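Heads up: the structure comes next, in structure tokens.
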Amino acid sequence: MAEETSGSEINGAGLSSMESLESRWVFQNDDESEIDDEEEDMEDEDDSVHRTGLDSEDDDSGEQRLIRTGPRIDSFDVEALEVPGAHRNEYEDYNLRRKIMLAFQTLGVVFGDVGTSPLYTFDVMFSKAHINGNEDILGALSLVLYTLILIPLVKYVFVVLWANDDGEGGTFALYSLICRHAKVSLIPNQLPSDARISSFRLKVPSAELERSLRIKERLENSLTLKKLLLTLVLAGTAMVIADGVITAAMSVTSAVGGLKVEVTAIKHDEVVMISVAFLIILFSVQKFGTSKVGMAVGPALLIWFCSLAGIGIYNLVKYDSSVLRAFNPIHIYYFFKRNSTEAWYALGGCLLCATGSEAMFADLCYFSVRSVQLTFTFLVLPCLLLGYLGQAAYLMDNHAGAEQVFFSSIPSAVFWPVFLIANIAALIASRAMTTATFSCIKQSTALGCFPRLKIIHTSRKFMGQIYIPVLNWFLLVVCLVFVCCISTITEMGNAYGIAELGVMMMTTILVTIVMLLIWQINIIIVLSFVIFFLGVELTFFSSVLWSVGDGSWIILVFAIIMFFIMYVWNYGSKLKYETEVKQKLSMDLMRELGSNLGTIRAPGIGLLYNELVKGIPAIFGHFLTTLPAIHSMVIFVCIKYVPVPVVPQSERFLFRRVCPKGYHIFRCIARYGYKDVRKENHQTFEQLLIESLEKFIRREAQERSLESDGDDDTDSENESSSSRVLIAPNGSVYSLGVPLLAEYKEKGKPISEPSSSEEVKTELPSGSDSGISDAEQSLERELSFIRKAKESGVVYLLGHGDIRARKDSWFIKKLIINYFYAFLRKNCRRGIANLSVPHSHLMQVGMTYMV
């Protein structure tokens with residue numbers, strides 16, 4: 001059978017099993033495909049199992065035509081006779097009123113970070129490059145204006161937001177998008193059937209296809225490039241988590257520091273104490289969810305942006321409107337000419353005006369692309385530009401007011417109302433990267449790069465809105481330590497710049513790969529994007545790194561710790577999976593044991609959870625030798641996350657027979673996207689699984705009858721794969737058996753799953769009554785067996801497979817596996833916890849693998 005292939009085949013160097021449909025059209029290796037099919041056929045003959053659909057998984061591998069394909073129908077899919085509709089983004093069908101409401105909510109969730117940057121940008125810049133004349137103010141302002149235009153607007157709003165993964169943004173969404181088009185994941189659990197999921201949405205080849213395929217082949221065949229790509233992703237995610245810490249500290253401390261402008265008795269220690277109190281309140285309300293908090297603080301952010309614009313216009317009129325000359329970039333040249341080294345130092349402060357750019361992308365899962373683009377372009381950016389112009393106009397007449405310039409430029413009559421709104425905005429801004437952090441951690445957990453944590457879904461309407469309690473309180477503790485240890489806004493600004501630039505550079509590299517591999521656009525455009533933006537970001541990064549000794553090293557250490565945790569978890573998970581693949585049980589052993597498996601078969605269904613997508617897990621042998629009896633029906637259940645945001649419910653389960661029919665052993669792969677909510681209780685999960693199994697058995701019986709009827713006509717059996725495809729009205733191509741294709745043409749509508757054995761009978765070709773009767777009786781006997789086993793009860797067989805390093809392993813490996821990974825695995829959340837299974841239905845056996 002297909003799942004009994006060797007571990008080396010699972011790694012899949014052959015291009016015949018590539019997940020990307022483009023590779024099957026162009027670079028299919030017919031020889032390899034035939035060998036794989038022959039091996040599967042031999043195993044099927046040994047196991048006395050006929051599965052027409054199983055072995056036709058790559059029947060169209062010989063086709064070299066460039067055609068558009070949708071999800072192909074597969075007999076392993078429990079809804080195999082239904083052509084699934086394309087998955088649609090949950091925001092696509094909203095009317096104008098709903099889109100405006102979403103745009104309003106983005107103010108409170110996405111733009112708080114970038115919206116509060118006027119509180120501290122000029123403070124940090126002019127603490128490094130002191131004002132020696134009005135030309136310095138114009139030069140600094142010009143730097144800020146063009147940084148705002150180039151990074152948040154041009155790079156993120158116009159380019160990066162379009163690299164979303166079906167509405168999901170962030171570092172791991174980009175990695176998932178790349179994994180879907182090239183097999184670059186280090187954990188070799190990919191299956192060709194994953195590409196049948198309708199939400200894969202693979203693109204039509206373009207004129208740049210040849211270059212794209214060469215890049216894909218290079219990525220898939222190079223272990224070094226795979227590890228480098230994963231390292232970049234983990235580093236970017238670690239910087240996002242660090243950004244979540246420093247954003248809260250910087251925003252709140254700078255806002256509270258405005259008290260020193262009007263109340264001279266306030267000292268730095270009092271500012272720190274008030275900031276600590278505000279931060280505790282902030283992280284305490286995080287559990288109320290994004291929608292509730294977004295609607296509550298949306299009006300406050302709207303007032304804040306209007307205040308920025310109003311104060312800016314007031315200062316322009318009152319002080320000096322000539323600062324509008326800063327839109328001429330020549331003033332940037334004059335600024336560097338006059339200040340040289342100090343101007344270069346000031347770049348780190350200038351970048352702070354673009355902080356929050358990554359939040360627009362990472363928080364995309366909460367809102368639609370259009371709502372984020374609309375809000376930033378027509379509200380946020382104009383208000384920010386007016387705010388910075390007003391501060392510069394004030395500084396033209398008050399060179400000594402560079403410290404706390406925002407609060408100093410506020411008219412005295414409205415100081416306290418604006419101060420209150422500024423502090424509320426700062427608290428909101430602190431949430432921006434916190435929500436982004438939650439999204440990234442959820443994605444990284446699903447893709448096997450972070451230990452499992454308890455995730456609470458805070459919205460019934462939007463499943464992307466989440467809250468992670470452990471991470472929330474952990475970020476609070478680190479944030480409080482950071483606020484108490486760092487003494488000045490300048491030092492915080494350096495740390496902020498390091499975290500923000502780290503994320504930005506990783507995003508630039510990943511989006512460049514997306515451009516080459518997926519978008520397949522002109523190479524000149526790709527090179528222009530990466531050279532320009534990576535060059536700008538490296539220039540900024542060189543400035544902040546020069547000041548790393550000022551206290552910003554703390555955030556670097558924190559990011560390194562988070563990177564280490566993710567790398568250890570991914571490394572340990574990879575070793576564990578590879579070891580399980582190598583030690584899986586052979587079919588020869590199963591045949592020797594016989595249908596009773598060498599023990600007593602007790603009535604009931606045993607769901608054995610394991611991580612293998614192919615083969616019989618070694619932990620099953622441990623159950624056979626440990627327990628006095630085994631259930632009459634055994635289903636190997638693999639909870640698998642595939643690199644898509646959502647897997648439709650109709651495409652959730654894949655079934656296969658693992659042994660001959662009399663063994664009553666099946667494999668079920670339950671597929672989830674990284675955005676899916678696993679909130680079913682165990683009764684619902686069991687019901688869905690059994691119903692899907694019954695559908696699979698009916699489908700299998702139907703295919704057997706169709707195949708046996710076609711044995712008399714060998715010519716039709718040997719037709720090319722082009723006679724086994726269904727071309728839908730939208731141009732999508734689906735692989736089907738010949739009789740099913742005929743049925744589709746006769747009905748002129750999507751084929752539905754037969755719901756009873758009588759319906760199966762009407763679909764079968766005419767033949768001997770005795771043959772049909774035998775097939776029906778065999779089907780009914782098996783369905784009756786399943787129902788009786790279900791009535792006897794369902795037990796969850798959990799095998800806790802731990803790993804230990806061999807005695808002859810290197811010391812570093814022993815340290816990582818035996819201590820660090822073991823600690824993380826012991827303290828992470830068990831996967832079965834999502835189903836809330838009663839202890840009376842659980843049976844656990846431990847097993848240790850030496851790696």
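Quick reminder: no glycine exception, Cβ is built from N, Cα and C everywhere.
Note that the coordinates shown come from a computational prediction; the quantities given were computed from them, not determined experimentally.
Features reported for this protein in TrEMBL:
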type	residues	note
COMPBIAS	29-47	compositional bias 'Acidic residues'
COMPBIAS	708-718	compositional bias 'Acidic residues'
DOMAIN	102-588	domain 'K+ potassium transporter integral membrane'
DOMAIN	603-849	domain 'K+ potassium transporter C-terminal'
REGION	1-68	region 'Disordered'
REGION	703-723	region 'Disordered'
REGION	748-774	region 'Disordered'
TRANSMEM	100-120	transmembrane segment
TRANSMEM	140-163	transmembrane segment
TRANSMEM	228-251	transmembrane segment
TRANSMEM	271-289	transmembrane segment
TRANSMEM	296-317	transmembrane segment
TRANSMEM	343-362	transmembrane segment
TRANSMEM	374-394	transmembrane segment
TRANSMEM	406-429	transmembrane segment
TRANSMEM	466-489	transmembrane segment
TRANSMEM	495-518	transmembrane segment
TRANSMEM	525-546	transmembrane segment
TRANSMEM	552-572	transmembrane segment
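Outside the transmembrane segment (552-572), and at least 6 residues removed from its termini, the chain residues within Cβ reach (under 8 Å) are 186-187, 230-231, 234-235, 237-239, 241-242, 245-246, 444, 448-451, 478, 482, 485-486, 491, 494-499, 502, 544, 803, 816-817, 820-821, 824-825. Among residues of the same chain six or more beyond the transmembrane segment (525-546), those with a C-beta under 8 A of the stretch's C-beta atoms are 150-151, 155, 159, 344-348, 350-351, 494, 497-498, 501-502, 504-505, 508-509, 511-512, 515-516, 552. When each of 228-251, 271-289, 374-394, 495-518 is scored by its Cβ pairs under 8 Å to the transmembrane segment (140-163), the top-ranked stretch turns out to be 374-394. Counting only same-chain residues 6+ beyond the ends of the transmembrane segment (271-289), those with a CB under 8 A from a CB of the stretch are 248-249, 252-253, 256-257, 259-260, 423, 426-427, 430-431, 434, 456, 458-459, 465, 467, 469, 472-473, 475-476, 479-480, 483-484. Only residues 6 or more beyond the boundaries of the transmembrane segment (406-429), in the same chain, are considered here, and those with a CB under 8 A from a CB of the stretch are 108, 112-113, 115-116, 118-120, 122-123, 247, 251-252, 254-256, 258-259, 261-262, 278, 281-282, 297, 300-301, 303-304, 307, 311, 314-315, 356, 387, 390-391, 394, 398. Across 228-251, 374-394, 466-489, 495-518, stretch 374-394 shows the highest tally of CB pairs under 8 A with the transmembrane segment (296-317).
The stretch with the most CB contacts under 8 Å to the transmembrane segment (495-518), chosen from 228-251, 374-394, 466-489, is 228-251. Taking Cβ pairs closer than 8 Å, the transmembrane segment (374-394) reaches residues 99, 103, 106-107, 110-111, 114-115, 117-118, 121-122, 137-138, 140-141, 144-145, 148-149, 152-153, 157, 305-306, 308-309, 311-316, 318-321, 323-324, 326, 353, 360, 401, 405-406, 408-409 in its own chain, all 6 or more past its ends. If you look at the transmembrane segment (466-489), the same-chain residues 6 or more away from its ends with a CB under 8 A from one of its CBs are 120, 123-124, 127, 241, 244-246, 248-250, 252-254, 257, 268, 272, 275-276, 279-280, 283, 286-287, 289, 434, 437-439, 441-442, 453-458, 495, 551, 554-555, 558. Confidence over the domain 'K+ potassium transporter C-terminal' (603-849), given as mean pLDDT on the 0 to 100 scale, stands at 73.
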